[in-house]
Each structure stands twice: as structure tokens, then as C-alpha cells.
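Trainee: I'd like to ask you about the structure that follows.
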Amino acid sequence: MTANARIPARKLPLYRSLYVQVLFAVVVGVLLGHFYPEIGEKMKPLGDGFIKLIKMIIAPIIFCTVVVGIAGMEDMKKVGRTGGLALLYFEIVSSVALVIGLIVVNVLQPGAGMNVDASAIDTKSIAAYTAPGKMGTTTDFLMNIIPTTVVDAFAKGEILQVLLIAVMFGFALHRFGGRGTLVFDFIEKTSHVLFTIVGYIMKVAPIGAFGAMSFTIGKYGVGSLLSLGKLMGSFYLTCLLFVFVVLGLIARFHGFSIWKFVKYIKEELLIVLGTSSSESVLPRMMEKMENLGARKTTVGLVIPTGYSFNLDGTSIYLTMAAVFIAQATNTPLDITHQITLLLVLLLTSKGAAGITGSGFIVLAATLSAVGHVPVAGLALILGIDRFMSEARALTNLVGNGVATIVVAKWTGDLDTEQLKQRLDNPDWVAAQEPEAILDHKTERMDVSGSR
């Protein structure tokens, strides 16, 4: 069997499709939260439990994927080149997202005419987000990449810290050459076991999506959407514009269709829609990107790093929310103020993780740093932040997926034939049963023998 051999598709009954299961769960969650809000709020542990299950497996998966990818490479200089190109891409595209958010909010002006008195706003609800020290400086962010201990990084699940350890371990293992084969094989087999566990966890994804959506609608209600509908509509429109125009053009220039790519990750998008966290599908996205033809090393470096440096949806949200607050409170923002805001956001936006609520914390820190826009205005959008979090997470997910393919192509680590095959046939078996891919990989590994 060749490396590019196509896995025979197994047509599953519709009710066994993860996409259908999650879609059904989200709809039921919305209905329960709307008609029985008290019961809906009590469903929160279901969503929290699912995200905790995923988080417990993220650190070891990143470690194994990156170590195997780096240790198995012949040209070690390529690792540095891949990381450098990824950071360059992240900076350019996230900056474009910030600018697009700024342009759209100035054109549509969703906060104009609200005439809110900033001094009369009750700030008790946002006190937890605006407390001193909630978000550190750039130096703090960089220093936090270095863990206190190796165990501490894994215990806390700090993605960038685990990534640093994995890169160092991979380089060290590579230097051992043939003497490190036993360790290499153990880590590779372990990664297969971990992805099988992910397959088990994803079977309860519909329950997690149901619980999270029931809680969101039950706690915040549909009414909160209507009161600030113009901002919500503007934000969702901007995210769609960014995904299908900006990312669509990037995808087209690199030989694939954004529409086909979105269809390919439809299960992940629905899970993120339900949980409002792009982290909930991180392991599954790594597996799916690898099976699109991207090399393991590239996937292991780009996806985890992107969760801190390539949050396109969060970037759009930050500029739009900041200017919206200024418009709603009649705070004048001239071109100088807006450029200053943009420059500050270029730094603070890199401190947002791919978890629910992080964007709001970054926004609070940014408004405090800029000083011109009243921080009290955050209370205006607190009620709908959870709903906007869903669009942020969805955009972040698509953005990181596209980034992986683009960087893989730049570094020559992309099998374009496999990419085309997978996108043209998105209903392949791995979309429903990740463990089948692992069986396929094991079979290939047994045929090829050693690394």
C-alpha cells in the first residue's frame, strides 16, 4: 500500500454522522434554553465537561506530534524556516483582520445614535475583566512561554510552553540518530493511541454542544441579541467577509477552494459553534490537516502556535467592539486615535488564547492602555459577548486551518494531490472515524518498517 493510497469510503447511516448529531444537538439546545431557561442553565456542566476532556489530551498530542515531526526530519534548518514563515503569515493576516474590522465598523457605525452616558453605566458586571493584572505586558507574555518546570507545562496545559518543550526534545532526539529509534517509535505509537482517545471523546461531542448551547441561550436569552442586533449583524457579516473574501483569495492563490475547505471541516465548525471554543477541536484539526497532505512537522508547529498568534476572528472583534463603544458613548475617535488603537491591538491581540472569554479580557486591557475610549462601555457588550464568541471561534478555526495549508505549501511540505483528493471527497471515512485513519497509518508503518 502506497503512502497516498486512498482509504475506501464507508457510507455511514445519516444518524451516525457527527455533523448531523451535533447539528441536532445544537438545535435542541437552543430550544431548551429558550423555552426552559432555568433547565438550560443547568446544562452547563455538559459543555464544560466536554471541553475539559479535550483539554486533558491537547498537551500530550502536541508534544508527540511535534517531536515525531522534528525528529523524523532530515533538514533541521527547515524547522526554523517553517516557524519563521508561520509567524510572518500570522502577523500579516491578523493585521489585515484588524484593519477590516476597523473599516467595516466605521462604514456601518453600529453604535451611532445610542447616546449612552459612560458615567452612568454600572461597571460591577465587568469588574472581573478590568481588574489590574488581568492581562500582563508583552514581556510577561514572552516570559510565560518558558515553563517553571516540564511537569508544570503539561499540568496546566499551556500550549506554547508544551510546544517549546516538544521542539527542544525533537531536536535533541534527532541528534541521537539511530540510537533514538526506540524512543521515537514509542512516541509515535503513543500519538496513535492519543488520537484514538480523541475519537472516543468526539463521540460525546453532541452532548457537549447541547449543554453549552442550552446554557448560553438559557442564561443570556434571545432578547440580548435583539437589543444589540446591529453590532451582532455587523460583526457576523465582517467575519463572513473575511473568511470567504480574504481567506478565500489566499486559498485560491494557493490552489484550493475555501468553500470545499469549510465543507471538509464542517463537523469541527459545528462543535465550535456549540462550545464557543476553537480549542475544543484542536486535536481533531491537527489530524485533519495532516490528512489533507500537510506534513506532521508543519501541522505540529502551525496549529498550536496559531492559537495565540493567528486569531483572525478575535482581531476583527477587538477593533469593531472598541470603536462601537466609542460610537455608543459619543466618544470622538479621529484618525490618530484609531491608528493608535490599531497599533496597540497589534500587540495585545497576540495575548488571546483560543478559549471562551479571552477576547473580552484583551479588549478590556486594550481600552485601559489606550485610555481614550471609556472602559465602562464594556458593560454594553457583555450580554452579547458570548454570542460574538461563537463567530470569533469559528473564524479563528478556519483561519488556522488555511494558515496550515499555506505554510505547508510555502515550505514544500504539502502533498497537493492528496489535498485535492480530500477536498473533492470530504465524506471520507476519517471525517467520521478518526481511528480508521490510525489503523491505516499503522498498516503503512508496518509495511515501511522503521522511520
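Each Cβ is built from the backbone N, Cα and C atoms, and glycine gets one as well.
The following feature annotations were taken from Swiss-Prot:
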- 17-37: transmembrane segment (TRANSMEM)
- 53-73: transmembrane segment (TRANSMEM)
- 85-105: transmembrane segment (TRANSMEM)
- 153-173: transmembrane segment (TRANSMEM)
- 193-213: transmembrane segment (TRANSMEM)
- 231-251: transmembrane segment (TRANSMEM)
- 306-326: transmembrane segment (TRANSMEM)
- 339-359: transmembrane segment (TRANSMEM)
- 361-381: transmembrane segment (TRANSMEM)
Trainee: Out of 17-37, 53-73, 231-251, 306-326, which stretch has the largest tally of CB pairs under 8 angstroms to the transmembrane segment (193-213)?
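Mentor: Per the Cβ under 8 Å count, 17-37.
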Trainee: For the transmembrane segment (153-173), give me same-chain residues lying six or more residues beyond its boundaries with a C-beta closer than 8 angstroms to one of its C-beta atoms, as numbers and ranges.
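Mentor: The answer is 55-56, 58-60, 62-63, 65-71, 76, 79, 144-147, 180, 183-184, 300-301, 304-305, 307-308, 353.
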Trainee: Sequence-remote contacts (6 or more beyond its ends) of the transmembrane segment (85-105), Cβ cut-off under 8 Å?
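Mentor: Non-local partners: 234, 237-238, 241-242, 246, 250, 301-302, 305-306, 309-313, 315-320, 323-324, 327, 338, 341-342, 345-346, 349, 399, 403, 406-407, 410-411.
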